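Colleague: Can you keep this structure in mind? I'll have questions shortly.
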Amino acid sequence: MAIKLNGSSRSFVPSLRVSAFLIFIFFVITYIIIYNVSFSEPSWITQDALKQNIENLDDYDASCSGYSIGRILREQKRILASVRLELTESQVKIEEIRTVQEELQRLIPQKQLELSALEGEIEAAQRQLEELRETQNVKVFLPFSPLQIPRELEQPSQISPNQLDDIIDYSRCSISSFMPVYVDIITSGQSEKEWLNVFQEVIPNLVETPDKACIKIHISNGIASPNTTFNSILFNVGSPIINFQSKSIHVQASKIRSFDFPVDVNHIAVEKVDLTPLLPFQRENLISLIVDNTELNFSAFSSLSAEPSRRPIVIVKCSQENCSLERRRQLIGSSTFCFLLPSEMFFQDFLSSLQLGCIPIILSNSQLLPFQDLIDWRRATYRLPLARLPEAHFIVQSFEISDIIEMRRVGRLFYETYLADRHLLARSLLAALRYKLQIPTREVRRNQAIPLFNSSFTAPKGSVVNVQANFDDEYLLGPLESRVESTSYAYNFTEFQLYSYDFWNIIMSPHYTKEFLVNAAELPTEAEFFEDTKIGFRPIEPGSGAEFSKALGGNRQREQFTVVLLTYERDAVLTGALERLHQLPYLNKIIVVWNNVNRDPPDTWPSLHIPVEFIRVAENNLNNRFVPWDRIETEAVLSLDDDIDLMQQEIILAFRVWRENRDRIVGFPARHHARYGDSMFYNSNHTCQMSMILTGAAFIHKNYLTAYTYEMPAEIREHVNSIKNCEDIAMNYLVSHLTRKPPIKTTSRWTLKCPTCTESLYKEGTHFEKRHECMRLFTKIYGYNPLKFSQFRADSILFKTRLPQNHQKCFKYV
């Protein structure tokens, strides 16, 4: 019984294990079934209800029991794609914002410059307003009449006048009268009639009745006027009148008083092309002496001829056989020095000496010379007392060659300006009288411009200029001030004394009152800081380029310049040239000389910040470039070709340089003259010395335009017009002739080509041949080549200078 129990217990244990395993399997299956049932979609739930249920779920993770794995993945992909799209769009927006930010950052310096420019304009306007307030109360009125000093009308035999005041009644010559002149003849010979016509042509303020005249000129052939009155000029074309008690000013060759005018009115003029050249220096004779005075002992001059010399010393005792005019001129023209003795033929020989380039050695300290109280004859002649005749040979041989050539040149210039022909002599006499009486001439507008657009100088229509203001890469060029004209006719009375020497001996143009003066006196530099002298000055504050660009500074009051732009058959090129000048500081006006005489211009041209005036001309003439048009209201003139492309900073630099060198041509392309073989040639090759500046881009004083048009030899202008070339060479010759100075080159520019221009004068095959010939012809006309060499150019002070970080250069590129 016990064994069975044990056996039954062993069989019971495995059955329990099996039962437990089966139970475990049952629970697992049950759990799986329950799990599947819970995640299955009940058949009674529709798809729409399920979608609605999903859409209402806010927390996907907490409600995943409503989704299948596939749906979850698809939804997550959709969300990811949406987020990526949003990120892409945001990135694009960020890039756009960054671009705008960079553009704004880039514009900040330009806007700061614009702000500085506006501040400069406001400051300039405020200064101008203050200046106008200070000057608005100036009373302008005509001067009072001169005092009428009581005079006794003595008979000529009772008193001898010894000064100008004894024979001039100033009450008839107000300073505002412009010196009215009456002219008539006492004797009716052919010479008197010719002189009458000459005076009537040159007198600027001619009156028909003597009672309205300040000065009365009586032309006579050796006969004194029977009715001697005050303010009379006796112009004698005959034998000298000996009447030292006369109340008239005598104009004759001899027998004169201190206030008379010693002039040979019958001197025979010779064509200028026949004048003896200044070079070569050596001449056949060293000294020539013509002895006309029979009262002198001819043997007294033997010591002079005995002096040792490599060149002859010629002494001629005058007689009717060997003293013809031709013989005298031949002797004078072949001599370096002409010794002149006081005689009846003194003025004839004196003028011939000046004309033919023989240095006059005047053997007298008392001999009067033409207009000697105004003309400095020391520059062209040499005086010696007769007692120094034995020493004269040593004295003249000590002269430097350069001094002798300069005396020849100045003597020739005096002759050609004041004494060469009847018209010049009459004009010089009137100028001398005007200086003695201190009366300005009337303003004569000889160059009144004709508007191109009917009665208007400006175009009927204007086009907007799209060119932005040129600040030259963060460099301000100057404030855009309101237009200001140069003060004209400011030296109407100081010209008679302070500037008298310059007018008669340097610029040699005293015949008319000047609109401007090239080298007028400058105030001390500190004048710009004193209340009573600061008007017009624009001082530069301490600093470097930033301060420099805000004001004009310099040694003179503020001023502007006028562009004179010559154009012919290139409308598109002209339009581009005008647009490049937009917003250019210190520009007063642009004058376009329209050389297209065969057609009218278009009605539409660029509208700039200053007026653009078009002038109609009568012919296509290159000389039109240098006409002193009345529309030019500034001293500074920028002569431009329509095909010249300059940076604005280059123009401003050249203007600043010109302000300190007003008597010279200041510009860009340089040229020079060079000798090859026996001839002189025009040369445009690169060189280290130059003698000319092309006037297609150059600053010139307006006075030189007047000199070019009215004082330069007319045959030069005629040649320029005939060949349509060389006007720039002619201007360089003229300025160097008047100043004996070379032009000034600025910046490194050597050529200024126009890539878009299909036609140009310099492209002609004969261009250089014409210019070679021009130089030779002009040299012949002047009697020498006046061009001077220069071996430097002008750049701004801080150009190529290393500066600290907090400093700025004057200009960026020049």
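Every residue gets a Cβ built from N, Cα and C, even glycine.
Swiss-Prot feature annotations, pasted as is:
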TOPO_DOM  1-14  topological domain 'Cytoplasmic'
TRANSMEM  15-35  transmembrane segment
CARBOHYD  Asn36  N-linked glycosylation site
TOPO_DOM  36-814  topological domain 'Lumenal'
CARBOHYD  Asn227  N-linked glycosylation site
CARBOHYD  Asn297  N-linked glycosylation site
CARBOHYD  Asn322  N-linked glycosylation site
CARBOHYD  Asn454  N-linked glycosylation site
CARBOHYD  Asn492  N-linked glycosylation site
BINDING   Arg570, Asn595, Asn620, Arg625, Asp641, Asp642, Asp643, Glu727, Asp728, Arg771  UDP-N-acetyl-alpha-D-glucosamine binding site
BINDING   Asp643  Mn(2+) binding site
CARBOHYD  Asn685  N-linked glycosylation site
DISULFID  Cys726-Cys774  disulfide bond
ACT_SITE  Asp728  active site
Colleague: Given the model, what does the mean pLDDT over the topological domain 'Cytoplasmic' (1-14) come out as?
Modeller: 44
Colleague: Going by DSSP, is Cys774 (disulfide bond) sitting in a helix, a strand, or coil?
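Modeller: It is helical.
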Colleague: Have a look around Arg570 (UDP-N-acetyl-alpha-D-glucosamine binding site) and count the other CB atoms within 10 A of its CB, chains all included.
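Modeller: Neighbour count, Cβ to Cβ under the 10 Å cut-off: 20.
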Colleague: Rounded to a whole number, how many Å is the Cα of Asn620 (UDP-N-acetyl-alpha-D-glucosamine binding site) away from the Cα of Cys726 (disulfide bond)?
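Modeller: Distance (Cα to Cα, whole Å): 15 Å.
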Colleague: At a 10 Å cut-off from the C-beta of Asn685 (N-linked glycosylation site), count the other C-beta atoms across all protein chains.
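Modeller: The answer is 8 other Cβ atoms.
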Colleague: Test of understanding: give the count of other CB atoms lying within 10 angstroms of the CB of Asn492 (N-linked glycosylation site).
Modeller: 16
Colleague: For Asn620 (UDP-N-acetyl-alpha-D-glucosamine binding site), list the number of other Cβ atoms lying within 10 Å of its Cβ atom.
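Modeller: For Asn620 (UDP-N-acetyl-alpha-D-glucosamine binding site), the count of other Cβ atoms within 10 Å is 15.
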Colleague: Quick check for the class: what is the C-alpha distance, in angstrom and rounded, between Asn492 (N-linked glycosylation site) and Asp728 (UDP-N-acetyl-alpha-D-glucosamine binding site)?
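Modeller: With the alpha carbons as reference points, the distance is 31 Å.
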Colleague: How big is the Cα-to-Cα gap, in Å, between Asn685 (N-linked glycosylation site) and Asp728 (UDP-N-acetyl-alpha-D-glucosamine binding site)?
Modeller: 17
Colleague: May I ask for the distance between Asp643 (UDP-N-acetyl-alpha-D-glucosamine binding site) and Cys726 (disulfide bond), taken between their Cα atoms and rounded to an integer number of Å?
Modeller: 17
Colleague: Closest of the binding-site residues to Cys774 (disulfide bond), Cα to Cα, picking from Arg570, Asp641, Asp728?
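Modeller: Sorting the binding-site residues by distance from Cys774 (disulfide bond), the top entry is Asp728.
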Colleague: Going by DSSP, is Asp728 (UDP-N-acetyl-alpha-D-glucosamine binding site) part of a helix, a strand, or coil?
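Modeller: Its secondary structure by DSSP: helix.
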Colleague: Quick check: of the recorded positions listed here (Asn227, Arg570, Asp641), which one has the Cα closest to that of Cys726 (disulfide bond)?
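Modeller: For Cys726 (disulfide bond), the spatially nearest of the recorded positions is Asp641.
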Colleague: Taking only the Cα atoms, work out how far Asp728 (UDP-N-acetyl-alpha-D-glucosamine binding site) lies from Asn227 (N-linked glycosylation site), in Å, as a whole number.
Modeller: 54
Colleague: Quick one, of the binding-site residues Asp641, Asp643, Asp728, which Cβ has the fewest other Cβ within 10 Å?
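Modeller: Output over binding-site residues Asp641, Asp643, Asp728: least Cβ neighbours within 10 Å is Asp643.
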Colleague: 10 Å Cβ neighbour count around Cys726 (disulfide bond)?
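Modeller: If we count other Cβ atoms within 10 Å of Cys726 (disulfide bond), we arrive at 23.
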Colleague: Per residue, counting other C-beta atoms within 10 angstroms of the C-beta, which of the recorded positions Asn227, Cys774 reaches the highest number?
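Modeller: Counting Cβ neighbours within 10 Å, the top one is Cys774.
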